[in-house]
Each structure stands twice: as C-alpha cells, then as structure tokens.
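What follows is one structure encoded as structure tokens, with my remarks underneath.
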Amino acid sequence: MGGSEDGGSCNLLQVLFEGAVAGGAAGVVVETALYPIDTIKTRLQAAQGGSKIQWKGLYAGIGGNIVGVLPASAIFVGVYEPAKKKLLEMFPENLSAIAHLTAGAIGGAASSLIRVPTEGYGSFLLRDLPFDAIQFCIYEQLRIGYRLAAKRDLKDAENAIIGAFAGAITGALTTPLDVMKTRLMIQGQTSQYRGFIDCAQTILREEGAGAFLKGIEPRVLWIGIGGSIFFGVLEKTKSVLAERSSSRDAKLKL
C-alpha cells in the first residue's frame, strides 16, 4: 500500500514538474510575441470620448511583464495538471468539464501568489481567474471532442488550432470584465469608480452598452493567436518532457 502511494505521489510530482516547465516556456513565448497587441487593446479600452490612441512604445514594460509571466505560468500549469489528473479520477466522464473548470480555478488561485502583487487582487478575481478557468475548460473539452471524432491522438498543429478557438471564444466572453478591470486599474487616486458595480453602472450610463465591448477585436485576435501559441508550445513541451522521462525510465530498468 505504501509503495503504491509513494508511486502515486512521485507520478503527481513529475506531472507538476513537467507542467511547470511547459507552462513557463509557453507563457514567455506568448508574452514576447503578442505584447504589442495587448498594449494596443489596453490603450483602446482606456480611451474615453475622443481621446487619441498612442501608437509608440508598444513594447514598453515587457521586461517587467516577463518577470511576472514566467513564474505565474509555471505555477498555474504546474498546479493545474496534477489537479486535473486527480479531479478526473474523482468525477465521472460526463462531468469532465467540471473537473477541468475546477482545476483551472485551482491553478489560477495558486498563480495568484505571483500575479496578485503585480496586478491587484480585485482585478485578478474580476478577470483573470474566470478567464483561466473558462479557457482551459473550453480547450480541454474541444480536445476531447476532436479526439473522439478523429479516433487518434492530436497533432501539434491541431492542438494549436484548438487553442486558438478556445482563446478567441474566452476572450470574447470576458471582454466586458476586461474593460472594467482596465478602467479600475487606470483610475489611480482619482477614485472615479467606487468599485466593480459602480464602474459597470457608470460605463453603461455615460457610454452605453457598446463600451463594454471596447477593444474586443484586438483582444480576440491577441488571445486567439496567443491561445494557439500557448497551447501549441505547452503540448509540444509536455510531449518532449514525457518522451525524455520514458527514455530515462527505460534506461534505469536495463
């Protein structure tokens, strides 16, 4: 019994390690490639009335972002993968979406140790935690459906395409939350909004419902492409690490 438990623990630790390495790599690649689009999206959302958009310095601040993205992505995926593994063992197959959604929330909560000091806990709960859980749930469910239809394992390009769809769908669904998060973050000491509800009411009253979709085009583009790159790199890195681990285990048995 003890040997079985030790083996299970070691297996979970290996899943955690491989997930952390893959997540960190995927996060850095995406951040570097798509930072300018995120900058444009943020400036569009921050613009009020007839304010002009500044197109210079699109890579300004990327160094600080990468310092946060690397450990945050590593922690998120490193926690998500073993949590997903355990939850899928607990839930019946027809409730796998709940397992994926819950694992995403757990991974997001763990990564908040890094992300919250740099972004603020309120804004994290408002946008990032729901986004992470929803995106990974959609991605995993699309992979399951595609794999069942194709009756084979997915290729790298297919993982990337599914990641793009998952990212684009989640990006569109969470744009209103992203707009409110941006407004709350940039108000500084002016206290234009007295919180989340007041922010929503003020935007609706002064700018109309359409304001909640400001920046949706670059956001969907950015997150769609980002999802393609992130999940493509993630799955490829996990595959390479798994192959190396299997090769190492085989040599140890000789």
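From the backbone N, Cα and C atoms, a Cβ is placed for every residue, glycine too.
Worth saying up front: this structure is predicted, and the values here are computed from it rather than measured.
Feature annotation from TrEMBL assigns repeat 'Solcar' to 14-86, 158-240. Annotated transmembrane segment per TrEMBL: 12-37, 58-77, in sequence order.
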Composition by DSSP (helix, strand, coil) of residues within the repeat 'Solcar' (14-86): 58 helix, 0 strand, 15 coil
Counts by DSSP class (helix H/G/I, strand E/B, coil) across the repeat 'Solcar' (158-240): 73 helix, 0 strand, 10 coil
Reported mean pLDDT - the repeat 'Solcar' (158-240): 90
